[in-house]
């Protein structure tokens, strides 16, 4: 089965073609970072308009690169949620229109299920069951995964997601958008131990997260430095390192708890923040000590992309699931509500 996947949940337009027998045939992505950078964050209306502009050229590009024609496509998969409602509607409308024109079924895919399954595109994919850490700009969740659609939520952020905290913190200390890569870049030049930030909610039982207080702690630290006349680049680097270390160690502590609680040995990390090298290194070291294994997608499939949507959609289509012709999206959509495959 060949499935064309469309991703438009936020500020990246992604298109990919996945073959259930041959794997990923082609993928293309257009990022709107430059469009939104001047505003310091994503402007939903601008995101929707740019998806309209980019979608059809990217579909043509993927078909050309794969050597396929519309007659070779068996189905369309698209992100139906969660995400920005306008952006989701662009993708859903396009998917349903193309599916109707080509005479093939369409299926809406949960954006975070796409992220969760992205490591399945690698040469050595994880096997069920495993614990998944979903960590992105909109979500920070620990999930027990026993199969596709068989998800048990173990813990989640009660306020800001980790990726959101990275972006907001970067803005507070005068860095550009997107903040995650900027903080990681500065952290490489930071002085270890100059600042020590708290590890939120690690001094109590449970697997929930909280990052809003850490963001405030960072702001107060920066303001004290500025008031003391120390707003140097090195101080920014030191604060960036302290913040990143606090987030990473908090995630490590919770992941260790989740693995011990479930008795599982394999961990999947997925979502945009899973590209962070400090997080990857920390998890690899921890899983090595626990005689377990950590799995993640290649960096370009950690952020939003069409390949993960094509793959996830293909699995559900092979199980006989598909949508009717109505255009429907869910900006808020609990992953645990998905049917099992």
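Each Cβ is built from the backbone N, Cα and C atoms, and glycine gets one as well.
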Looking at Swiss-Prot, 134, 135, 136, 137, 138, 167, 180 are annotated for substrate. Which of 276, 305 sits in that same site?
276
Under 8 Å by Cβ from residue 180 (substrate binding site), counting only residues of that chain that are 6 or more apart:
163, 166, 167, 170, 272, 273, 276
Fewest other C-beta atoms within 10 angstroms of its own C-beta: which of the binding-site residues 134, 135 fits that?
134
Quick note, residue 111 (Fe cation binding site): same-chain residues at least 6 apart with CB under 8 Å of its CB -> 7, 9, 79, 81, 82, 83, 304, 309
Cβ-Cβ under 8 Å from residue 115 (Fe cation binding site), same chain, 6 or more residues apart: which ones?
134, 136, 270, 271, 308
Where the record says 134, 135, 136, 137, 138, 167, 180, 276 bind substrate, what is the longest distance in Å from one Cα to another among those residues?
17
Starting from each candidate's C-beta and looking 10 angstroms out, tell me which of the binding-site residues 137, 138 has the most other C-beta atoms.
137
Please work out the number of neighbouring Cβ atoms within 10 Å of the Cβ of residue 136 (substrate binding site), leaving out its own Cβ.
24
